[in-house]
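I have placed the structure first, in the form of structure tokens, so that the comments after it can refer back to it.
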Amino acid sequence: MKRIGVLTSGGDSPGMNAAIRAVVRKAIFHDVEVYGIYSGYAGLISGDIKKLELGSVGDIIHRGGTMLYTARCEEFKTLEGQKKGIEQLKKFGIEGLVVIGGDGSFRGAEKLTEHGYPTVGVPGTIDNDIPGTDFTIGFDTALNTVIEAIDKIRDTATSHERTYVIEVMGRDAGDLALWAGLADGAETIMIPEVNEDMEDIIKRLERGHQRGKKHSIIVVAEGVGSGVEIGKVIQDKTDLETRVTVLGHIQRGGSPTAQDRVLASRLGAKAVEMLLEGQAGKMVGIENNQLVSHEIDEVLARPHELDNAMYKLSKELSI
Ligand code: ADP
């Protein structure tokens, strides 16, 4: 392989730039040319493709977002769109592709591999919802953003003796809420993987209040539902003064943490190694601090698993 491509797709996450940098530098280290495909699969279809040099990825390791831009592209879900993409890759002489993104992006990568085009996936999403890797690029940064925000909200919660419902991202996964809730000593963590009765949550809040608790923090994963609605139910059914904060897109931005930069560097470089070894249709990941790879179709078929021991611990520590 003498020329490869790299693109970022789906939701952005902090550390994607560090992964792009690793792909470019590792490839050039092995005398392989790298082309950047801009705006995900949309740029692949339209041919928004440019050669990247060592200097193209200078001064980006510490920046959030993605220098290649990202997009959602409905056309790429069609066979016609995928064929157009492959035509562009052939036109530019690109022999293999690294796709940095979440599970949706991997579905696109899987299609390219099915059509005989070698593709390797790098998991980049703040949601940490991809099976086959303990962590995805961006999760650690988002987690730190969330706990910084909750620490601040906690000050006001204490001063005003209020109950705060804080809605965090994560799509259908509860990882961000669970880790943030545990890291911040939240009284209650609501995640989509566990179906908890609202009545029980209210009883627990009231018990805490009677015991003299001045405030409560409830972390709600967006996959459970609207934090605003949950806040209304608590306000209506208790005497607790309740406020809601939806953290929103601040969770997706910012300078990546050291953990995310190192993870992205390791995963990006590994993806290039795999392409050069002739491997395709795989995703790189990290398990027990070791770099691993899995077939993308297996990853997509597996359900996301919650760390049940961690959830149990969060319950035990928030009594
Ligand atoms: P993420 O990668 O963050 O999960 P999305 O689910 O939005 O983000 O997917 C990103 C893009 O991947 C989509 O806009 C589309 O271009 C492509 N994609 C998603 N699903 C498929 C599919 N089944 N076949 C081909 N491409 C897909």
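From the backbone N, Cα and C atoms, a Cβ is placed for every residue, glycine too.
Taken from TrEMBL, the feature domain 'Phosphofructokinase' covers 3-275.
In the three-state DSSP scheme, Gly102 (ATP binding site) falls into the coil class. In sequence order, Gly10, Gly11, Pro123, Gly124, Thr125, Asp127, Asp129, Ile130, Thr136 are the residues near Gly102 (ATP binding site), counting only same-chain partners six or more apart with C-beta under 8 A. The ATP binding site feature in TrEMBL is assigned to Gly11, Arg72, Cys73, Gly102, Asp103, Gly104, Ser105.
Per TrEMBL, ADP binding site is recorded for Arg21, Ala22, Val23, Val24, Arg25, Arg154, Gly185, Ala186, Glu187, Arg211, Lys213, Lys214, His215. Cβ environment of Gly185 (ADP binding site): Ile217, Leu317, Ser318 lie under 8 Å away, each six or more residues apart in the same chain.
Per TrEMBL, Mg(2+) binding site is recorded for Asp103. Summarising the environment of Asp103 (ATP binding site), the number of other Cβ atoms within 10 Å of its Cβ, over all protein chains shown, is 22.
Among the features that TrEMBL reports, substrate binding site is placed at Thr125, Ile126, Asp127, Arg162, Met169, Gly170, Arg171, Glu222, Arg243, His249, Ile250, Gln251, Arg252. Under 8 Å, Cβ to Cβ, and six or more positions away along its own chain, Met169 (substrate binding site) finds Ile126, Asp127, Ala142, Leu176, Ala221, Glu222, Leu247, Gly248, Gln251, Arg252.
When secondary structure is read from DSSP and collapsed to three states, Asp127 (substrate binding site) falls in the coil class. For Asp127 (substrate binding site), the number of other Cβ atoms no farther than 10 Å from its own Cβ, over all displayed protein chains, is 27. According to TrEMBL, the active site, proton acceptor annotation covers Asp127.
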Is Arg171 (substrate binding site) helix, strand or coil when read with DSSP?
coil
Need the DSSP three-state call for Arg25 (ADP binding site) to compare against my parser.
helix
Cβ packing number for Arg252 (substrate binding site), 10 Å threshold:
19
Assuming the binding residues for ADP are exactly those in the record, Arg21, Ala22, Val23, Val24, Arg25, Arg154, Gly185, Ala186, Glu187, Arg211, Lys213, Lys214, His215, what is the maximum CA-CA distance in angstrom, rounded?
58
Residues within 8 Å of the Gly11, Arg72, Cys73, Gly102, Asp103, Gly104, Ser105 Cβ centre (excluding the ATP site residues themselves):
Ser9, Gly10, Gly40, Gly101, Arg107, Gly108
Taking each of the binding-site residues Val23, Cys73, Ile250 in turn and counting other Cβ atoms within 10 Å of its Cβ, which one has the fewest?
Ile250
Arg21, Arg25, Cys73, Ile250, Arg252: which of these binding-site residues put a Cβ within less than 6 Å of any ligand 1 atom?
Cys73
